[in-house]
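Below is one structure, written out as structure tokens; the observations come after it.
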Amino acid sequence: MTASMDNNYQPSYEEAPTRSCLFRAVGLFTGDMHLFHYPSMTGQLVVIQLLDWILRGVAQVMFVNNPVSGLLITAGLFLQNPWWALNGLLGTFVSTVFAMLLGLNRSDSISAGLYGYNGTLVGILMAVFSAKGSWYWWLLMPNMFMSIALSSVAIKWDLPIFTLPFNILVCLHVAATGANHPYFPEEAFHLQLFLSVPVGVGQVYGCDSPWTGGLILLALLLSSPTICFHAMWGSAAGTLSAPHKDIYSGLWGYNSALSCIAIGGVFYVLTWQTHLLCHARFSYDISFQLALPACTWPFCLSTLIFLLISSEIPAICRLPLSVVSYPEKNRRYQRQLKASEKVQHSQQQHSQEEAMLKENGRPNVQLAVDRGGSEPV
């Protein structure tokens with residue numbers, strides 16, 4: 001019986017090293033592949049490093065910093081359309097090389113593919129939205145400068161730029177070259193166009209008279225010049241998304257006017273950042289009216305708004321941008337952070353207790369000294 005039990009247990013001990021080796025081998029290709037990441041790749045050829053950065057850039061579209069994942073995604077792109085895949089790789093290559101030439105390797109961003117993923121999307125979507133035989137390769141160049149400009153602004157709030165450069169460039173490209181973009185009639189009624197702003201404000205109350213809208217704006221100015229300005233700004237911006245026959249009715253301006261007032265100083269303290277948030281409301285209407293693709297605007301705007309909102313809920317922990325990695329590593333970082341906070345808290349509590357004991361002991365010592373000093377020598 002004992003011998004049979006020993007024989008039954010023996011394979012488990014033999015399989016243990018095999019399993020550990022298997023887990024180690026799998027671990028080499030999971031996560032962010034840190035063993036093959038910068039700076040361990042510094043001794044390799046530049047071509048190998050560049051290939052690693054490009055594949056990581058392709059995968060970073062899905063927030064993945066793994067070259068093997070990038071290789072699988074690239075294979076899927078070639079399976080869909082080889083021309084689109086080649087343009088995506090070219091866009092990633094151009095963006096990465098430009099970042100290298102400009103010396104923008106802040107916090108190893110180039111080696112993580114963070115300067116390449118916008119180029120991936122720009123290259124693919126330029127090919128998707130271009131007519132057959134048309135190839136606007138030079139549009140890959142502005143992507144790098146757009147990324148640099150937006151990064152320098154977003155870094156002040158420790159925010160990522162996500163795919164904002166891609167959204168801006170593709171929408172500009174489609175608006176300029178698409179066949180469905182609208183045009184204004186030759187005879188524009190400039191006075192009515194100007195009056196559509198107060199009419200849009202008046203339509204909040206269901207009034208289409210510019211005089212009524214003017215009085216409402218005067219009332220807003222009396223109470224708050226900021227509210228008055230945002231009401232006019234929102235009404236004017238709303239007309240940009242209106243069909244041409246409805247521009248002068250004001251029906252497309254009152255919702256934007258109310259949204260701009262609410263965000264631009266009422267529910268948020270007025271800063272130029274919150275003023276920019278006012279544009280998020282009517283940007284969707286404009287894109288739909290101009291027959292522009294939605295791209296990833298909803299994702300970018302909604303996620304950035306959530307990241308801008310600070311929360312005191314302990315269960316919601318926003319990570320600093322410099323430590324963001326894949327979710328499993330982020331959870332390990334949070335556990336380590338909580339453990340260090342507990343240690344610091346216990347040390348502070350211990351030091352406070354020692355300080356209290358010292359303070360409680362001082363009067364007795366002083367009293368003993370005073371008594372000793374009062375005795376005659």
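Each Cβ is built from the backbone N, Cα and C atoms, and glycine gets one as well.
Note that TrEMBL annotation is computational and uncurated.
For reference, TrEMBL has these:
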| type | residues | note |
| --- | --- | --- |
| COMPBIAS | 351-361 | compositional bias 'Basic and acidic residues' |
| REGION | 337-377 | region 'Disordered' |
| TRANSMEM | 62-79 | transmembrane segment |
| TRANSMEM | 85-105 | transmembrane segment |
| TRANSMEM | 112-129 | transmembrane segment |
| TRANSMEM | 135-155 | transmembrane segment |
| TRANSMEM | 162-183 | transmembrane segment |
| TRANSMEM | 214-232 | transmembrane segment |
| TRANSMEM | 252-270 | transmembrane segment |
| TRANSMEM | 290-309 | transmembrane segment |
>> Counting CB pairs under 8 Å, which listed stretch among 62-79, 85-105, 135-155, 214-232, 252-270 touches the transmembrane segment (112-129) the most?
In response: 85-105
>> Please report, as numbers and ranges, the same-chain residues at least 6 past the borders of the transmembrane segment (62-79) whose CB is under 8 Å from any CB of it.
In response: 29-33, 36-37, 51-52, 54-56, 85, 88-89, 112-113, 124, 325-326
> In terms of Cβ proximity under 8 Å, which residues at least six beyond the ends of the transmembrane segment (85-105) contact it?
Replying inline: 50, 53-54, 57-58, 74, 77-78, 111, 113, 115-124, 126-127, 137, 140-141, 143-144, 147-148
> Looking only at residues six or more beyond either end of the transmembrane segment (135-155), which have a C-beta under 8 A from one in the stretch?
Replying inline: 90-91, 94-95, 98-99, 102, 104, 115, 118-119, 122-123, 126-127, 161, 164-166, 168-169, 173, 177, 321
